[in-house]
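Participant: Take a look at the following structure, please.
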Amino acid sequence: MNTQRILAHFQESADLKTRAAAALSQPISQAVELMFSALSNGNKILACGNGGSAADCQHFAAELVGRFERERFPLPAIALTTDTSIMTAVANDYSFKEVFSKQVQAFGQASDILLAISTSGNSPNVLAAAEAALEREMRIVALTGKDGGALAKLLTDADVHINVPHARTARIQEVHLLTIHCICDGIDVALFGGDDE
Ligand SMILES: O=C(CO)[C@@H](O)[C@H](O)[C@H](O)[C@H](O)COP(=O)(O)O
Ligand SMILES: [Zn+2]
């Protein structure tokens, strides 16, 4: 394979990360505050998304329940993407659109947080989960790209929108993962202190 193509991927990803830092640092900081406050009050975080974003949900839950960089007690985060029995039953008996919203209705409580990840902001099952979360008086942290899609329009002033300024799904996902690591670090700093206390 032509290595120029590989170099172009690295360059585009690095350029986007540099460009996105200024735009995203404020909403990422708001997401940390919202999540830390919810966790401190005994609430939990539910996460949903499709494909690569499903992997991001699991990655995030692993870092909260296990650990990120510091030794600490487990924090309650659940990826709604992992139980194949629930997902196949709901998809088979109702619709794929409801695979996350049924779980939000089952597990979500007022003041819990839904981490909704969609590069287009238009995945019907993520939108249904967001609607179910709002009905339950949960707050939403939305990770999107492109124009934020229909998800952007659902959010209220109490929610946080982290919108990656790019059109390419892979590039957006790469910034979503960096954002997730920033959030995990922010929660650790809120718990234990750090350079920016
Ligand atoms: O990882 C990738 C593409 O990089 C894919 O698996 C991608 O996540 C899937 O096509 C998703 O269904 C896209 O959904 P969304 O980000 O638009 O909500
Ligand atoms: Zn991907």
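Cβ from N, Cα, C; glycine included.
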Participant: Can you pick which of HIS161, HIS181 TrEMBL lists for the same Zn(2+) site as HIS59, GLU63, GLN173?
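Facilitator: Among the candidates, TrEMBL records only HIS181 at this Zn(2+) site.
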Participant: Taking only the Cα atoms, work out how far SER118 (substrate binding site) lies from HIS59 (Zn(2+) binding site), in Å, as a whole number.
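Facilitator: Spelling it out, the Cα of SER118 (substrate binding site) and the Cα of HIS59 (Zn(2+) binding site) are 15 Å apart.
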Participant: So which one is it: of the binding-site residues ASN50, ASN92, SER118, SER120, which has the fewest other Cβ atoms within 10 Å?
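Facilitator: Comparing Cβ neighbours within 10 Å for the binding-site residues ASN50, ASN92, SER118, SER120, ASN92 has the fewest.
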Participant: Pop the mean pLDDT for the domain 'SIS' (35-197) in here, whole number is fine.
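Facilitator: Mean per-residue confidence for the domain 'SIS' (35-197): 97 out of 100.
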